[in-house]
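Novice: Pasting a structure here, questions to come.
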Amino acid sequence: MAVEEKNSPTGAAMTNTGILVPSSQQSLPEWWTKTQKFFSRENTITPTFGYFRLLFGTQPGKTDIALIVIGTIAGIGAGIPFPLLGILFGELVDDLNSSTCSTTQAPPGGYQAAITTKVLQVIYVSILNFVCMYIHTGCWSMVGERLVRRLRTKYFHSLLRQEIAFTDTLPSGDVTSRLVSDIEVIQAGTSEKVGLFIGTISYFVAAYIVAFLKVATIAAMLMSVVPIYFLMAFGGGHYIKKYSGRISTHINAATSIVSSSLSHMSIVHAFNANARLEALFAQHLVSARMDALKKAITHSIQFGMLYFVAYASNALAFWQGSRMIADLAEGKPSKVSVGAVYTVIFVLLDASFVLSQMAPFMHIFASAASAGDRLMTTIKRQSAIDGTSSEGDSTISLASEEIELQDVTFNYPARPEVPVLQGVSFKIPPNKHTAIVGTSGSGKSTVVALLERLYDPITGCVRVGNRDLKEINVRHLRGSIGLVQQEPNLLDRSILENIAHGLVSSSQEKHKHLLPTLLGPSLSELTEKIRQGASEDEAVTEQGDVVREIVNLTRHAATLSNAIDFINALPDGLATRVGSSGAELSGGQKQRIALARALIRDPPVLLLDEATAALDSTSERLIQAALNKVSENVTTVSIAHRLATAKDADNIIVMQKGRVMEQGTHMDLVARDGVYAGMVRLQNIGKFSSSSSIMTESTQVDANIDRSLTTDTLLNKEEKLSLEQGVLDEKEKPAQLYMPEEADSLPTEPENEKEKPKQTLWATMKGSFPLIRPNILLISLGLITSIMIGVSYTGEAVIFGHTVGSLSVCRGGPSIRSSGMLFGLLFFILAIVKFAAVIVNGAAFGWAAEKTLYRTRVLSLRSLLRQPLEWHNADGRTPGLLVALVTSDASALSSLTGTTIGVLFSTVANLFAGVILSHVIAWKIAVVLLATLPVLLASGVLRLRVMAQYQKKHQKAYAKATAITVESVDNIKSIAAFSLEQEAYSVFNRSLKAPYKSNMKSVLHGNFWLSLAYSISTLVYALAYWWGSQQILAGMYTQVQFFIVLPALLFSTQSCGQMFALVPDISKARIAASNIVDLLSIKHEGDEEYDKTGSKASAKHTDPRFNMLEDKPRDVEAQLITTTPSSFPTKGMGVQFRNVHFRYPSRPNQPALDDLSINISPGQFCALVGPSGSGKSTTFALLEKFYNPASGSIIIDGVDITKQSGAAFRDTIALVPQENVMFEGTVAFNIGLGARPDVEATQEEIEEACRLANIHDTIAALPDGYNTVCSQDGKQFSGGQRQRLSIARALVRKPRLLLLDESTSALDVESEKHVQDALAKVARKTTIVAIAHRLNTIHRADRIFMIEGGRCVDQGTHAELVERCESYRANVIHQSLDA
């Protein structure tokens, strides 16, 4: 069903396919369209045009065109007044020269009237300059804001429509880097600085026009140096762009480590892995540091050469001008006057000075162009499988068509050398149940991905009926399929919105009318009202009938998936937010939500990839019954390792190593006694029982069909349990990707953050000093050269004043020539000195900035990784926001030790030197001119305050948009499978709307003060000439004194204006410093002895937060000598829970553990079983001391850990989590993370652990073996392979206590047997506590604890529980394959 086009925030229309179509494109003139196409072309134009491609290659609309044109015209207009002033000042010089050098006695009143008239003209010109500047800064600020909004939306939209293979090969951290660092760089390079740059160029061109009109000879001589300016500008820009690209690559890798670490803090804490992750992070930063230094030196050489050329050209101008004035003085024919020469020298001197200020802008523009190219590469990329496209057949029905794989071969783009499917052929009959079973990594999930067309086969094809899958519209295909993935991915929305996502692309005609509401804000507004206290019925009624229909469909789907009871038990019900990746829900609860999302669309095809792996057997049985009911006329394809869920399938396909080994019904395959029969023998609980009586009793119970346990009674039991649960049963992950706007950017005490006093500037500076202290020598060198650069302007004023005075025709020709030679030489010497000072200044500050940046980032990450889970889970803290602390905030803070602080100090030095010199030379003139400086400074300070408030207010708002993008890319398979591109795009655009509107208002306010700061110097010129002329005519001072004081003060005021252009950078640095100091000021448990990087705090530096960091961090991925125990410990840990009560901070009204008491003896193998959400994983979270219980004791080896500080006890505990996490790094590094904190695992120990986990052969078969790089979250490995890698990581620790949370849920039966055998080897030497829903995993346990509603309701051996525990016995019956 077509959807009405709606204007997107980018000024474009979005069709129902999600494709953006510029709304104003057809009305644009042809010349503009051609220009746009020219600048949009890839690889056909030189890098010089990269900046113009950034401006014009993103489909700007009419408003953007108007803003660019008006801003450009106003920028050009802003540059013209200054050369006009040169003409007026030249005429004033002629008047002054006439009054002091004339042989005739003219009345002073005549000179004064002429001077006053010209001063009034200067005031008119200054008003024109202010108007032009305000217009061009405002227009270009809006251009920049609108451009980055278009880039954000286009980049996000492009990411959404790319095929999964693209995101698989996307460098980790790339998306975060693009939307945080690159967007900031682009905004800096396309806003008000563009107008200032245009004004500079306009000034330069106008100055030369005036110069040619006045004295063409001097102008022509100086014109020859213009190419040198552009050679240095663009040549330096090329190398800056080159080094920026290299730096970006290293920073992306480092950002990925930060992002994955902050997203999986439970793993970081469980293995005390913060030191190793910090060291790997530091390695990437060190790699980036040398390129950053080269970039800084290139920039300083570029800047220094511009100064050198400017000053050298002035030396040439003075020399040539002196010769021409000497000829005039000697009576030779000449049309040149002293005022004309002064005009040329003045405007070209000033133009050269202003042009030399262009270098920082060139650096900013080059960086913006480089960042734009990186974004445009993705934006322009054509997707091989575009889920938003309207191409392909949208009429075919999958309800009655046979699906067939024909000789399919496939390998993942991330590992092209590893075959996944090899000649796979089989048929999936319509309206039948086809089950696919096999070993981990055999290609089962890949088949599902091909059926969804997330990938295309390398060879062969997938057919639906007689049509190739490639001929069918992708959106229509995916809309006809309900998918439940092996690892269910939920978006950070409410439960209602997550389930309703299944309706977005539904192929059912009855759902089409719901689409506009699903894509709009209605559901989010509904859930927000419910969370604020409104009843669901009231809120639904207010939203209308369509929303009510969606809610009813959602409730029905949740009932089918056995999720409705735990949803109703939650305080906010369907409005409950699930958190980042569903972190607020247990694994079983997430799986039921994902199943509801698939069932709500009533699809003709169901793809179930381990859809019930995280569920207990009772829940699985209930859901299986519901699936059997809804799939009567549905084509169902299921992947399962629990063969009990596959045995009733119409056809079972057995796969191994990417090939189909056999297929048939359960009975047929068992009768063949082949691969499948072997799997059955391995998995059947009874045949593995150590007690024959257990199997006998179980069979007898099954024979009697246990009529007391009907589906209805089981459902009632489940409802009762669920109403008692409704709580988290997962180790909490970092908080939601969305962030409340009222939350502080970095609260340290969430419960009273509103009362937290605002940090003063002095406190921020004091807190930042330890970060800067190690680089004090470099900074001192930079400050000295900055002072030299600032004082050089005063030296220039002295030379200038004496030169102008020496050009008076009152002096003889020889005197004028010798003075011109002398002062020209002095100017050339000044050029050499300034060139050297600028290079040293840039290198010193550049190196100091990079070292400060390295130190700040490492210390920030260290502090973040040491915070407890409860801190990370507080409202207002999201992985995306915390990543920004380490990346953007650290970078902003480091600018205070880089070029920003250099410009600031040179400006201050210039100001003080100019003021002092002026008072020494002519204090009466200086005092009057100095009175204008507070006005200039006040305008700059006011702009600083405006920008600081604006920056702080909207820092979080754009972080939210970035977090949405990162979340979407992380969950791209779910978004593609359910065609949620439009929904994600709509949410993203809504997140941009508020900050965009506010930013546009801030533009008008902030740029008023910037324009005033720049323009007020012209008024100072007017006052200077008027007052100076008064003093000269009165005989108080000479022309030489006046022309020393004038440039000394006016260069100072111009420098202040330039300094205020850096106000946004200073504002960002101030806020960033406050955030980082807040972070580093948090006291940590065990601060007095903490130092995980291997260096204890010295007596001099006792604060561990600021321990000296190694410039060359250790290579954590290299093989090191180890002191890890060579064998497993001889004795396990004893564990006791005594009357433990606990509630998660995010759910204070829901008990997670309710008076839990269990006792585990050293060396025992114990198991925790029970329904999903009963509190099993919570026990592990408390055992690891991620949280402290509300009451009760947790005793490990006789020590109550709730009363102990620190977490040293974790050193001998290993955890295998329910969701297996890989970090950026090699396979060896990921497994080595499990080693104890004070040692490194050897290669032999890593391989031994992998053999125990049955993953060694898989790793060895990879081209790079153990050096294979894992992408973020290990996307290139299958679920079962990641699970075995997690087990290896735990075993390499040689723990005394091993915690297994569903550690074999994603394993095939053969791999599971290998792991069970490995665990048997370490049993009795290690205490093992396992959470499992597969009873064959734990039926040999020494003791099994039944956990229900946060309590232990029964315990005993397998045989004892089968005999007396009804729910346990029901699970055994359900999982038995003998039935």
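Just so you know, glycine gets a Cβ as well, placed from its N, Cα and C.
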Novice: Have a look at 445-465, 592-612, 781-801, 1327-1347 and point to the one annotated transmembrane segment in Swiss-Prot.
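Specialist: Matching range for transmembrane segment: 781-801.
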Novice: For Lys1176 (ATP binding site), just give me the three-state DSSP call.
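Specialist: Lys1176 (ATP binding site) sits in a helix per DSSP.
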Novice: Based on Cβ pairs under 8 Å, which of the stretches 781-801, 820-840, 1008-1028 lies most in contact with the transmembrane segment (119-139)?
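Specialist: Ranked by Cβ pairs under 8 Å, first place goes to 1008-1028.
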Novice: Residues sitting near the transmembrane segment (65-85): Cβ under 8 Å, six or more positions beyond its termini, same chain?
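Specialist: That would be 28, 32, 55, 122, 125-126, 128-129, 132-133, 135-136, 138-140, 142-143, 146, 194-207, 209-210, 347, 350-351, 354, 1018, 1021.
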Novice: So which of 215-235, 820-840, 1032-1052 has the most C-beta pairs under 8 Å when paired with the transmembrane segment (781-801)?
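Specialist: It is 1032-1052 that shares the most Cβ pairs under 8 Å with the transmembrane segment (781-801).
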Novice: Look up Gly438 (ATP binding site) in the DSSP assignment and report helix, strand or coil.
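Specialist: In three-state terms, Gly438 (ATP binding site) counts as strand.
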Novice: Restricting to the same chain and to residues at least six past its boundaries, which positions have a Cβ under 8 Å from a Cβ of the transmembrane segment (193-213)?
Specialist: 71-72, 74-80, 82-84, 86-87, 132-133, 136-137, 139-140, 143-144, 219-220, 222-223, 226, 343-344, 347-348, 350-351, 354-355, 357-358, 361, 364-365, 1014, 1061
Novice: Average pLDDT across the domain 'ABC transporter 1' (403-682)?
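Specialist: A mean pLDDT of 86 is what the predicted model shows over the domain 'ABC transporter 1' (403-682).
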Novice: Return the residue, from the listed binding-site residues Ser440, Ser1174, with the maximum count of other C-beta atoms within 10 angstroms of its C-beta.
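Specialist: Of Ser440, Ser1174, the one with the most crowded Cβ is Ser1174.
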Novice: For Ser442 (ATP binding site), just count the other CB atoms lying within 10 A of its CB, please.
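Specialist: I count 24 other Cβ atoms within 10 Å of it.
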Novice: With every protein chain in view, how many other Cβ atoms are within 10 Å of the Cβ of Lys1176 (ATP binding site)?
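Specialist: Result for Lys1176 (ATP binding site): 30 other Cβ atoms within 10 Å.
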